Amino acid sequence: MNDFKIGRQIGKGKYGRVYLAIYKASGYIVALKILLKQELQHEKLLKQLEREVEIQGNLDHPNVLKLYGYFQDDNHIVMILEFAQYGTLYDFLKKSQRISEGRSARYVAQIARALQFIHQKRIIHRDIKPENLLVGRNGELKLADFGWATYAPGLSSAPLTTVCGTLDYLAPEMVRRLPYNENVDVWALGILCYELLVGVPPFEAIGFHETCRRII
Ligand code: ADP
Ligand code: MG
Ligand code: MG
């Protein structure tokens, strides 16, 4: 931790906080996602974090947020991430309510390219939504938060059935608890496209069950 000069907090997720930081040796600016070991004690959470690091650390694409490395001390696990200076698409959408057709088209194309890239490597993201899409220094979108990512099932592995992600963005096969594949990300991209243009996701409703019914 002493190799970094830690700056302001730039985000907060379910298990961690994200800080701006400078790597002292080079002056390079990064984002540090700091997780408390104490909060990760559940075996499953640790496995999930290992997978997040393994998957994101091996991806190199202009529309995928880079993970440069990670380290730990007695109390923390720290991910060293590319810093996205313009924050999340969620904040941008909240400010502007909706996004022009031209900009939406560019955003959707960028995430489509990111998905094509990860799906080729048989990786499924499973949590595409505005909070997990960051805006880089040239205004380009970066797919982030691989905390729910997994490998697409092969011929000999069990089909995927774990329900995960965020309700408004769930594909109908997941809502129905059927086996699914990387197409759940493609569905979520469609939801994103709608939300960018309209300002709210298409199947939003009062109550969990009504949203599920509309999605199906
Ligand atoms: P969680 O897995 O807990 O949801 P995320 O990786 O999604 O954590 O990060 C939580 C929030 O922190 C994001 O929604 C965003 O606001 C901010 N954030 C995360 N990484 C970065 C980054 N590299 N640059 C700028 N902001 C970030
Ligand atoms: Mg997140
Ligand atoms: Mg996560």
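Placement of Cβ uses the backbone N, Cα and C atoms for every residue, glycine included.
Just one of LYS33, LYS37, LYS44, LYS95 is listed by TrEMBL for the same ATP site as LYS14, GLU82, PHE83, ALA84, GLU131, ASN132, ASP145, and that one is LYS33. Only GLU131, of the binding-site residues LYS14, GLU82, ALA84, GLU131, place a Cβ under 6 Å from an atom of ligand 2.
Cβ neighbour count for GLU131 (ATP binding site) (all protein chains, 10 Å cutoff from its Cβ): 16.
Under 8 Å, Cβ to Cβ, and six or more positions away along its own chain, PHE83 (ATP binding site) finds LEU20, ILE29, VAL30, ALA31.
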